[in-house]
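First comes the structure, then the notes that go with it.
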């Protein structure tokens, strides 16, 4: 509509302009001046209009005067171009672009739009201008092949068709089989132009039933060919369905000799498989059967499932321990050693295999070795092995090794040529040279003396046996030297059972019945020998005697004698051998003789009374009856009790009293709640440790039969007594802190220490000491005569070391405590210091010496002339330590006595709970809780 008014405006303007130009002409005609004839009267882009007496200028359409007037005159005014595109209402309309030109404006349609004429429009033209959307999709080829064109306002877009993807400016076919997971498992994807399809693999079919499908909604399922066609593999084979296929195979235990194509009917026949190629376990044999097999363990092995024949691959063949099943597998006097699948027989020590006997299965024969050689003795003793190792280079073993080697030289002469006669005279002379080294013998340790004594006795016995087995010209001999006498007899004639053989040497005699000669099963001509040693009783004396009567005075009162017989059997005879031994000194009426034999099984050799009995004893002789050939001596036990026995009685009586008192103290500390506090708990731990240590000491100190159990007992005693001393140290420290707290205000109090920390100290440190001690010297626990720490190797210091340290600390702390207590008592008023409780307090303070173990220092002073007095004091005080604890902490504690009275009289008077100064050293009241 606005275009119409614009045209109308232009029409009137033209008419006006025309009128204005015609009037001047008329004026000129009428005779006036026409200024408009001068073309410079008006500026450029203006029209001049003449009036009757003047003129005026008007800017052309699309221009405005610089002074803003429509009609103007005069110079200086210009007509300036008007930018119609900047007007508020766009002259071109929507979807168009306005371009200003001189005096006018040009309208152009935006990209994607077009006017009705398809051309630009100049403002002022007669026709209307309207930009309409252009549908580019109507243009052929504007989008590439396999794409769709979509028109939009002012534009368009191209989209590839389904199954195609854009590659640059063209649409290419998309291979869905490569770019996407479009088919299910066990299916094959096939690509087509713009699409795809899926087919199941051979032997499978789709769940939808069709041959082709798209997407994952369907799945490929296995076709069971074996169930659809039962004759697929034929009558002799087994059809096995597999995923997507099937196979034909032979039954278990059979195989097809020719190659079988998977999934095809089998040709040929199935043959039996020999499964015995690496099928059965180790130590077994395999037996093949038609279609199967079974395993059987080798002799000496048994299956783990107990079956004779088996097929289970998890079954193993385990070795049979024939030695455990039958202890007599190898026969008498033998040792059975199990090996995989079998066993080995060997002879016991002092026995050897009989070369004349049968060595068949279960018929192994061992006969006794008639005499020992150096190799046999070396194996019996660690002392000798050590001596052989150092070869005399160690000065500490020089004397011992010298005597050992001298004795072995005698034995080597006997053993080197067992078929040659042995000279008893020469051997006796050599033995005398060893025995005459009395000074050297007395310098040896107890273990070395017993070891050397054993070697010497065994050497003499072996020499006598060798002389009897291969006699020289003299069938019976009598050898006399300064240090030993020997009488030997070879019995060439038949010895009747009721007869006996008498041998004598240095006043000692041995009577051997002929029945013993027969029982001994002699090889060749039987023979017996008897030896009596001079001065050997001073070396192998009563200190090597271990017996429960050691509390009586003992002394050796005979020479050491020995007897032997050529037979294999040397002990457990049906009738005894009679030994008559002459006394070195007359027997006293108060003395009782003990017939002892040298036992090499106890340590390296000890005198023991087992196997022999006293038949009769006179002032000059003792007759012994023994059931074996042995080395014997007579030990006299005096009727006078030794100091050790008195100490033994005192120790045991005092220990029993202490146990009773400790039990009462433990019950008091546990059950009397009124006296329970920080200190009584410490007393309780000390009492428990002492109670356990003393009761184990009473019941287990002499349990030496089992060395392993004895070592365990010794280890527990070590720990318990150490725990006692560590708790004594805790008591001493706590007592000192408590007394010092009375003197100094706000001083560190014993109540500030938690009980858990004290328990860790009192029980933990002893464990650490025992573990370290056992690691350093595992054999230090247990001795031959008591279950305690070894006192001969220095191992006892693993106990004495900590004990001495604790005694020293406790003594210093106790002295300091008494000094502080004395200053405290002197500082109070004279009236208070004269109270009777002061005397009680002082007594209880001094009694702490016994409670805290300080009295153990008496054991160190058991030397010199005061040794016996110190021994009695030490035994009495320390055996009654439990009684002292009960006396100080219970009976002399008024609060505890009140609790005892209440318990006995069943009264419940609560007024008796008064505190007195007597509790000061036994149980300081504490309101703090236990840590």
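Here the Cβ of each residue, glycine as well, is placed from N, Cα and C on the backbone.
What Swiss-Prot records for 36-48 (among others) is disulfide bond, and it gives sequence analysis as the kind of evidence. Counting every protein chain shown, the number of other Cβ atoms lying within 10 Å of the Cβ of residue 48 (disulfide bond) is 22. Under DSSP, residue 48 (disulfide bond) is assigned to a strand (E or B) in the three-state scheme.
What Swiss-Prot records for 92-107 (among others) is disulfide bond. Around the Cβ of residue 107 (disulfide bond), the same chain contributes 91, 92, 93, 96, 97, 98, 99, 120, 121, 122, 123, 129, each under 8 angstroms and 6 or more positions distant in sequence.
Positions annotated as disulfide bond by Swiss-Prot, on the basis of sequence analysis: 137-149 (among others). Cβ neighbour count for residue 137 (disulfide bond) (all protein chains, 10 Å cutoff from its Cβ): 16.
Note on residue 177 (disulfide bond): other Cβ atoms within 10 Å of its Cβ, all shown chains, come to 17. For 177-189 (among others), the entry in Swiss-Prot reads disulfide bond, with the evidence type sequence analysis.
DSSP assigns residue 198 (disulfide bond) to a strand in the three-state reduction. According to Swiss-Prot, the feature disulfide bond maps to 183-198 (among others).
Around residue 200 (disulfide bond), the same-chain residues at least 6 positions away in sequence with a Cβ under 8 Å from its Cβ are 186, 187, 188, 206, 220. Annotation comment: Swiss-Prot describes 200-220 (among others) as disulfide bond, evidence class sequence analysis.
Residue 250 (disulfide bond) falls within neither a helix nor a strand when secondary structure is assigned with DSSP, and so counts as coil. Annotation comment: Swiss-Prot describes 250-270 (among others) as disulfide bond.
Per Swiss-Prot, disulfide bond is recorded for 280-295 (among others), and the stated evidence type is sequence analysis. A sphere of 10 angstroms centred on the C-beta of residue 280 (disulfide bond) encloses 22 other C-beta atoms. Secondary structure from DSSP puts residue 280 (disulfide bond) in coil.
Around the Cβ of residue 323 (disulfide bond), the same chain contributes 329, 330, 336, 337, 338, 343, each under 8 angstroms and 6 or more positions distant in sequence. Under the heading disulfide bond, Swiss-Prot lists 323-336 (among others).
Annotated disulfide bond per Swiss-Prot: 330-345 (among others), in sequence order, evidence recorded as sequence analysis.
If you look up Swiss-Prot, you'll see 347-366 (among others) marked as disulfide bond.
Positions annotated as disulfide bond by Swiss-Prot: 595-624 (among others). Residue 624 (disulfide bond) carries a strand DSSP state (E or B). The Cβ of residue 624 (disulfide bond) lies under 8 Å from the Cβ of 578, 579, 580, 581, 595, 612, 613, 614, 615, 632, 634, each of these being in the same chain and 6 or more residues away along the sequence.
Confidence for the domain 'EGF-like 1' (32-80), expressed as mean pLDDT, is 86. Annotated domain 'EGF-like 1' per Swiss-Prot: 32-80, in sequence order, evidence recorded as sequence analysis.
The domain 'EGF-like 5' annotation in Swiss-Prot covers 222-271 and rests on sequence analysis.
Sequence annotations record features per position, and here Swiss-Prot assigns domain 'EGF-like 6' to 272-318 based on sequence analysis.
As annotated by Swiss-Prot, domain 'GAIN-B' applies to 482-642.
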Key: Contacting positions for the transmembrane segment (645-672) when only residues 6+ beyond its ends and CB under 8 Å are counted   = 551-552, 680-681, 683-684, 687-688, 690-691, 694-695, 697-698, 871-872, 875-876, 878-883, 885-887, 889-890, 896, 899
Ask   = Closest to residue 366 (disulfide bond): which of the disulfide-bonded residues 36, 177, 183, 250, 345, going by Cα position?
value = 345
Note = residue 270 (disulfide bond) to residue 137 (disulfide bond), Cα to Cα, whole Å, comes out at 76
Query = Looking at the disulfide-bonded residues 149, 198, 250, which has the shortest Cα distance to residue 189 (disulfide bond)?
reply = 198
Key: For the transmembrane segment (755-776): best-contacting stretch of 680-701, 712-735, 875-897, by Cβ pairs under 8 Å   = 712-735
Inquiry  = With DSSP assignments reduced to helix, strand and coil, which class does residue 92 (disulfide bond) get?
reply    = coil
Inquiry  = Whole-number answer please: how many Å between the C-alpha atoms of residue 48 (disulfide bond) and residue 183 (disulfide bond)?
reply    = 89
Length of the line joining the Cα atoms of residue 250 (disulfide bond) and residue 177 (disulfide bond), in Å = 41
Remark   = Checking 680-701, 712-735, 875-897 against the transmembrane segment (793-821) for Cβ pairs under 8 Å, the most are found for 712-735
